[in-house]
Structure formats: C-alpha cells, structure tokens
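Quick notes on the structure that follows.
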DNA sequence: ATAGGGTTAG
C-alpha cells in the first residue's frame, strides 16, 4: 500500500492489488475522509522555537513507549510529506495504527501551541479511537471546540461507550443525535438498554425508553426491547409489572428470549410466588421456548435461597426425568441443602457428582466447607479446605472468608486472625467482607479493642465501610454499657450516609435503658416508630422494665399501647410485675389495657 | 448467562 502526499494539501492513497486483504476499517475511514478537495489547507501553527513536529512526536513516543516508525516509512516513502502541517501528522500517525499516539500528539499541540485540528483530522481520529474501543480517548476529542463528529460516528461511539460501561455518557449522545435529527437504529437502542441493565441503572433504562418513544422509532420497537423492559422491572422488584408486559407480548404472538423468562422466575421466587413460577414454566413450554439448564438453575436456586425444600424436590424430579445436572446445579443444591440443615444429603450429592465425573471446583469446595462449619464439624471443614488448597484453589478472598467466618462462628477468633495474617503474607487482597466477618466474630467474642482496630485498619486502607462494619461494634458497645461510644459510631455511620438496620436502634434503646436513661430511650423508640421501623419485642420489655423501676406509670401506659399496636403481647412475668406495681400504687390499669393483657 | 463470602437470627 502506497501513500502519496502532495504539498497542495491533497492526500491520496494508492492501493496495491492486495490491499483489500489488509485494509482495516480504520484505514477505510482514512480514505473516505481524505477525498480530494476535502482536505483543508495547512494550519498556521506556531511551534516553540527549534522544535520540529517530528521531534515532538519522538518525544511523545518516548513517554508512551511507542516506536516511532518514520525513519523507514515516512521519510523514505513519502518525500513530499508536508512537515509543517500538524494535521498531516495526525493522519499519518493514525494511519500507522496508532490512534493513541495521534491523540497524545494532538493534545500536546493544542496545549503548547494553540493548535486547533481541522474537522476531518478529528473525524478520522475519532473513528479510529471508537474502532479501537477507546471510549475515554474518543471522549477527550469531543472537547475540541468546533469538532462535531458525523452522526454515524456518534452512533458507533454510543456502542463504544456502552461496551465500556459508560452508559450515562451514551445517553447524552442520544440527546445530541436527536438535536441534529439523526435516528439511531433499534439495535443501538437495544444494546444501550442492555448496557444500562448490566450496570444496574434501571433508571436509565426508563429514560432511554422514553427517548425511544419520543424519537418515533416506536413502530419498530421489537420483542428484544420489551425483554429489557421486563428485566428492568424484575431488577426493580416489580416482577408483576414485568409479568404483565410479558402477557402483552405473548398476546401479540411474540416470544421473548429465555433469559427474560429466567428473570421473571428469579423475581417471582424472590417474592415466594411459586404458583407464578410454575405458570411461567408452563408458558415457556407452551411457547416452545423450552426451559433450559439456566431456567432450572434459576428455579432451584430461587427456591433454596428462600429456604424452600421444594428446590430439592425439583432437582430430584429433573434427575428422574433423565436430566443431567451440571456442576453448577450440584453446587447450588449442595449449598441449599447445607442452608436448610441437611448436611447428610449435601454430602451424598458431593460424592454423587464426583462419581458422575464432575470434578468439584472452588465453588463446590467452598459451599461444602461452609456446610461443615454450619454443623460445627470444624475438623472436617479444615480437612476439606486443605484438600481444596492442595488442588490449587486456595488463594482467594472468598474461601478465606468462608474459613474465617466459619471459625469465628465457633469462637475460634485466634485461628481466624492467623488465617487473616496468612492472607496478607500470601498477597491475597483483604476486602471489606473479610474485615466485616472478623469484626463480627471478634465482637461476639467480646474482643472490642481488636475489632475497633480492624475497623480503623480498613479505613486506613481506604476501604469504604458498610453497614455491617459498624453493626456488631455498636451492638457490643451497647451491651457493655458504652452507649455513648455506640452513638458516636452511629453518628459516624450517619455522616457516611449509611443507614443502620432497625436492630441497631434496638441495641441503643436497650443500652439507654440499662444505663437508666429511660427518657432518651423513650425518645429513641418514638423516633424509630416515626421512621417506620419495627422495634423488637425485647426492646419494649426493657423499656417497660426500666420505667417500672422509676415508677413512670404514665409512660408505661404509652409504651404498652405502642407495643400492642406492633402486635406484641406481654410475657407473664411482666404482667405480674405490672399488676404488682399498679396495685401497690393503688392505681387501676385502664380497662382497655387489661383486656389486651388477657 | 447460570454457583461461592457478610448482612437477619435466636
């Protein structure tokens, strides 16, 4: 392939007979962009003294560790290259399959000598960057004043952005295109919807869908689009809306992808609407959209996750019908069985899968180790863990977490801590979950100092703490009578915009009561209720107990009323002390209250 | 594409 460049500004490419074999799309865009007459006149860029463009590019090459290639190519083959025009260089570098170098060069020029690239150089470079999936680099090019890519390039840019997960930027581009009256294809819209789902931005799914409706593309909206909408509903826990949408699609004689059905199944499992789950399965079969391994995986997983032993039945049914579960399904069922306390059955499956030639992997080992910990068989858990390590599965944060939290569960915090140290020695990154597990374990063992140290350590490491980093500490602090310390942590949570779980407030209230601070305890209880949080029965009991000791009979009546409204009843021992107290004070419990007591 | 860690809960 030969390239001839003339000083006049025309930039032509002569292709050799075999060039079509090597022509990349990047190259094609170069040829289209540089048609005769299309190329602008050289810019008058003032370079810093004694600097040649070649030197600059050489310099950038050094920084970016790229090889400059012009000695052999540019200088020998293109003697007529216009060395004073940066735009030529841009195109040339780009043509050398080095759009990044080209971009660096462009940035250098514009920051050092107020160079502004011409439209066609930018176009070519932009397309090349988009082609190379370099969405951030392409985006930086858009900052050049006056540069407006062609609509088709922008549509490709959308694809590039969504592949890089930059969905928000992609949505902005849709707006830009709308302004110039360009309508992207349905497939671009669809791909963007999918990308929004992947990054968990269902809000953007709806925004984009609105854009689709506004754009007039509505007639060509297809079953794929609707599938994404259904999935968005499922992701937002509005499964029923998704289901209704499914019904509409089916009525039109269209049938969505299996994955759409699977999402609905997962959603209905989450809501424990198992009749709907089976209805979906029947629809699938009726539509000849046969449930696949992923579907059954979803069903079984969905059932087990809700501790529903039906999952095991479905699994056995499948086997009876000659279905061959894969390793994933075995792992799921083993985990489910461990969760509902059927370790024996889990063990049977472990051997069954091995017998069938399915080799347990790190997932399988992990759930089995978890299972042994759950029933308190620490010896077997360790044995299996070592077996797993022997197979090279050890070095990961998840298996360490399983071990560490398993050991903590049985009070073996020293062993857990030594594993924790081993992790860092082996260079396995400690993440938040590991810290949280240790904090919880240490708090349960009463080792508050060490637990607090770990909280600080994770903060120093720059990890973002979560609600579970604080909860056990607050609980323990309240239990040992340091409610003030607990409240400081609560304030810390608040400052970090972490919403405590309801139980945390219960600990605080009980802590306050134990300190005799019933006034604040009562205030806190009222706050809790105003936040629509349900206090625990115990919390009411502690409060009543504390009020009893202070003879706050009026307050007790208030608390009793609130307690009954939450649907709780009084324990006999409390009734007894209440009756004693009220009769001693020569007071009568109001009738209403008495009725509720009995 | 599907599975694994903590969070709830004695």
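Quick reminder: no glycine exception, Cβ is built from N, Cα and C everywhere.
Automatic prediction, not curation, is the source of TrEMBL annotations.
The annotation repeat 'PPR' is assigned in TrEMBL to A:185-219 (among others). DSSP labels the residues of the repeat 'PPR' (A:185-219) in these numbers: 30 helix, 0 strand, 5 coil.
Taken through DSSP, the repeat 'PPR' (A:222-256) splits into 26 helix, 0 strand, 9 coil. Positions annotated as repeat 'PPR' by TrEMBL: A:222-256 (among others).
Residues annotated as repeat 'PPR' in TrEMBL: A:257-291 (among others). Counting same-chain residues at least six beyond the ends of the repeat 'PPR' (A:257-291), those with a Cβ under 8 angstroms from any Cβ of the stretch are 224, 227, 230-231, 233-235, 237, 239, 242-243, 246, 250, 298-299, 301-303, 305-306, 308, 310.
If one looks beyond the repeat 'PPR' (A:326-360) by at least 6 residues along the same chain, the residues whose Cβ comes under 8 Å of a Cβ in the stretch are 293, 296-297, 300-301, 303-305, 307, 309, 311-312, 315, 367-368, 370-372, 374-375. According to TrEMBL, the repeat 'PPR' annotation covers A:326-360 (among others).
Annotation comment: TrEMBL describes A:361-395 (among others) as repeat 'PPR'. Mean pLDDT, taken over the repeat 'PPR' (A:361-395), works out to 94 on the 0 to 100 scale.
Summarising the annotation, TrEMBL assigns repeat 'PPR' to A:396-430 (among others). Broken down with DSSP, the repeat 'PPR' (A:396-430) shows 27 helix, 0 strand, 8 coil.
Feature annotation from TrEMBL assigns repeat 'PPR' to A:431-465 (among others). Here the repeat 'PPR' (A:431-465) has Cβ contacts under 8 Å with residues 397, 400-401, 404-405, 407-409, 411, 413, 416-417, 420, 423, 471-473, 475-477, 480, 496, 498 of the same chain, all six or more residues outside its ends.
Per TrEMBL, repeat 'PPR' is recorded for A:466-500 (among others).
Sequence-remote contacts of a segment are chain residues at least 6 beyond its ends whose Cβ falls under 8 Å from one of its Cβ atoms, and for the repeat 'PPR' (A:222-256) they are 186, 189-190, 193-194, 196-197, 200, 202, 205-206, 209, 212, 263-264, 266-268, 270-271, 273, 276, 280, 283, 287-289. Same-chain residues lying 6+ beyond the ends of the repeat 'PPR' (A:361-395) with a Cβ under 8 Å from its Cβ atoms: 327-328, 330-331, 334-335, 337-339, 341, 343, 346-347, 350, 353, 402-403, 405-407, 409-410, 412, 426, 428.
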